[in-house]
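Engineer: Here you go, one structure.
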């Protein structure tokens, strides 16, 4: 019975993460689009999500520092989860008192604070899920429930927010998001602290924490030693993400500009699109297991080029439901397919001694690429027609192919040289 309640708790915590994530990346940008703000401003607002990219910086601090009193009463992970969620709720209360459209500077600051505590919560919950499991099978189940919860949170934050905004208004949408977030502390108090085989070495003072930050330094050095072409990989990831991040960031301004209704966007783009994304992600994982990571990455990248291409076709044709459905199908399938494969590729780059930190570094850079590309895309979209913008997006994204081919050649050369030695 407890196991079932524990999994429900994991699902609810995942839902809260997905809801707050979607608040920054979809709900507020959509409201600003409705208020006729330009694409460069909407793109700039996405910079408020920077904490999602930089969470690797303070994750060692969360791992090492024990919160006085709460750390003893609740345990290390639960105390951090509770504190991060309380501050997240306070930030959302502050956000609720203001209209996002009235003062964009204040809106960006509040969203940045929300992103900080939401990403802090994610750090803690990721560690909790890993430490709480005792086998690979249980780990798979726990992360599956967490993923389902995250997607449900995104669905509530998109389809739910759109319909609620029509019926009740945007203020009620944010009240609803706050109400769901307030469930988080209750869930944390109901679940148990992980039982570790070895004693955790933590401190409740700031002395000696500098030593722990050596983990990040060693991880980066190890990363560089393992991958002599690290700069090429960084450039590759940036270009690889361009075919997905830019269309995703500019999708709502485009759809509204083409006169698609809120109902059509909610049902086709968010609800139907989410299901297609799950299908694409599943098939991407299967392909990587069947034919290997390198070939899968290439296939995923090429398929992903169809996404901005379809947006260009939609922008050229204009309002057309059939073309809209085809575009959403291709865009979400490609996003799920390539997203899963690039995550597997990140994992393959990690040294076994520093898997957690190195994967966090890779994930942070991936998030950073998405935010930078979204911001640059917003600036470019203001000065180009939609058709020309997405054509340039397609051509720019194609540059990943020669970069990836160079990485592949260097990898083969390194492997052959190692065998000779």
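Yeah, the Cβs are placed from backbone N, Cα and C, and that goes for glycine too.
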Engineer: For the feature transmembrane segment as recorded in Swiss-Prot, pick the matching range from 230-250, 251-271.
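Structural biologist: Here Swiss-Prot associates transmembrane segment with the stretch 230-250.
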Engineer: Which of these ranges is annotated transmembrane segment in Swiss-Prot: 41-61, 188-208?
Structural biologist: 41-61
Engineer: Counting Cβ pairs under 8 Å that are 6 or more apart in sequence, does the total for the transmembrane segment (230-250) and the transmembrane segment (388-408) reach three or more?
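Structural biologist: Yes; at least 3 Cβ pairs under 8 Å.
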Engineer: Would you kindly check 6-26, 41-61, 104-124, 324-344, 388-408 and say which stretch has the most C-beta pairs under 8 angstroms to the transmembrane segment (274-294)?
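Structural biologist: Counting Cβ pairs under 8 Å, the winner is 324-344.
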Engineer: Below 8 Å between Cβ atoms, which of the listed ranges 6-26, 41-61, 104-124, 297-317, 360-380 makes the most pairs with the transmembrane segment (388-408)?
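Structural biologist: It is 297-317 that shares the most Cβ pairs under 8 Å with the transmembrane segment (388-408).
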Engineer: Counting Cβ pairs under 8 Å that are 6 or more apart in sequence, does the total for the transmembrane segment (297-317) and the transmembrane segment (324-344) reach three or more?
Structural biologist: yes
Engineer: Mind checking which residues reach the transmembrane segment (360-380)? Cβ under 8 Å, same chain, six or more beyond either end.
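Structural biologist: For the transmembrane segment (360-380), the sequence-distant neighbours (Cβ-Cβ under 8 Å, at least 6 residues beyond its ends) are 39-44, 46-47, 49-50, 52-56, 59, 216, 219-220, 223, 234, 237-238, 241-242, 245-246, 248-250, 342, 346, 349-350, 389, 392-393.
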